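What Swiss-Prot records for this protein:
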type    : residues                    : note
BINDING : Cys63, Cys66, His67, His118 : heme c binding site
SIGNAL  : 1-26                        : signal peptide
Amino acid sequence: MFRRLIGVVVATALLTFQLIVGSATALELDEATRTVPLNAQGDTVTLSLKQVKEGKRLFQYACAQCHVGGVTKTNQNVGLEPEALALATPNRNNIEGLVDYMKNPTTYDGVEEISEIHPSLKSADIFTAMRNLTDKDLESIAGHILLQPKILGDKWGGGKIYY
């Protein structure tokens with residue numbers, strides 16, 4: 001009888017705590033964290049919380065199969081970390097650069113088009129995950145890619161040592 005009473009008290013305490021705390025909510029990111037480079041000229045844009053959430057969802061849908069954790073499964077030397085994006089030609093360390101890449105991907109040095117082997121809007125007939133993505137969707141995905149180093153630090157694009 002006493003054990004049952006203890007169990008009821010503990011269950012009541014846990015449920016009361018749950019009501020007070022509320023349901024689990026996503027981490028609220030401040031404006032400074034959500035501000036990412038817009039273009040190569042240095043302009044910036046602050047992503048809305050909706051864009052952050054949508055960018056994560058779309059990245060998981062269309063990109064994470066090959067780029068989980070910001071690495072590139074097919075080429076471990078080139079990931080989605082800020083340094084690699086900045087050294088690409090043209091630069092991919094901003095929203096416009098990444099959107100351009102998702103529309104028409106090129107090799108790291110920018111010399112050859114690789115839309116036949118990398119998902120893009122240009123190759124949406126081959127890579128169906130890209131088929132219904134809009135420019136707004138691509139901007140959200142790019143925002144997600146640029147935001148992750150601010151949240152995860154070196155773990156984003158860090159490779160096997162972190163996963």
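Quick reminder: no glycine exception, Cβ is built from N, Cα and C everywhere.
Values in this document were obtained by computation on a predicted structure and should not be read as measured data.
The record assigns Cys63, Cys66, His67, His118 to the heme c site; their largest pairwise CA distance measures 12 Å.
Residues Ala62, Ala64, Gln65, Thr72, Lys73, Pro119 surround the recorded heme c site, their Cβ atoms falling within 8 Å of the Cβ centroid of Cys63, Cys66, His67, His118, which are themselves excluded. When Cβ neighbours within 10 Å are tallied across all protein chains shown, the highest count among the binding-site residues Cys63, Cys66 belongs to Cys63. Neighbour list (His67 (heme c binding site), Cβ cut-off 8 Å, at least 6 residues apart, same chain): Phe59, Lys73, Gly79, Leu80.
Around His118 (heme c binding site), the same-chain residues at least 6 positions away in sequence with a Cβ under 8 Å from its Cβ are Pro105. Mapped onto three states, the DSSP output places Cys63 (heme c binding site) in coil.
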